[in-house]
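To start, the structure under review is shown below, and the notes come after it.
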């Protein structure tokens, strides 16, 4: 019951309104129901999911942006799965790394590799310039590879 109420209040913090009578989640009660039920739900309704998705796209699209390496304030640590300043790549500890483009012990690219990951990286090589790496939404144009990086830049 406590977890259900916490999920409900978190929903409000994320900008989700209480469900209307027409909302459905495939259960007797949904997380964002305006009334408390004896049978707490673990599901958000179609209305809640639509509202959250719409708000995320229309108002909080920046949350979908990948952080820059320079945004991280802790010292770089090779083996944490996140490429930080000074690392070319980071595929985790050597025992777990499954990326042939990345040397897990050094967090540097393997010999002959141009990239280790990203929408513009294919088999350790940069995808040629002008290839679409992310379709545009709304008025935003398609994002295209530069041919100089494995990352897909935002062409907004």
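Quick reminder: no glycine exception, Cβ is built from N, Cα and C everywhere.
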Worksheet item: Can you say which of 115-135, 136-156 is given as region 'Disordered' in Swiss-Prot?
Response: 136-156
Worksheet item: Closest to residue 47 (disulfide bond): which of the disulfide-bonded residues 107, 124, 133, going by Cα position?
Response: 133
Worksheet item: So which residues does the compositional bias 'Basic and acidic residues' (136-145) touch in its own chain, when a touch means Cβ under 8 Å and the partner is 6 or more beyond its ends?
Response: 57, 119-120, 126-130, 152-156
Item to complete: Could you tell me which three-state DSSP class residue 102 (disulfide bond) falls into?
Response: strand
Worksheet, complete the sentence: On the domain 'Disintegrin' (75-156), the mean of the pLDDT values is 93
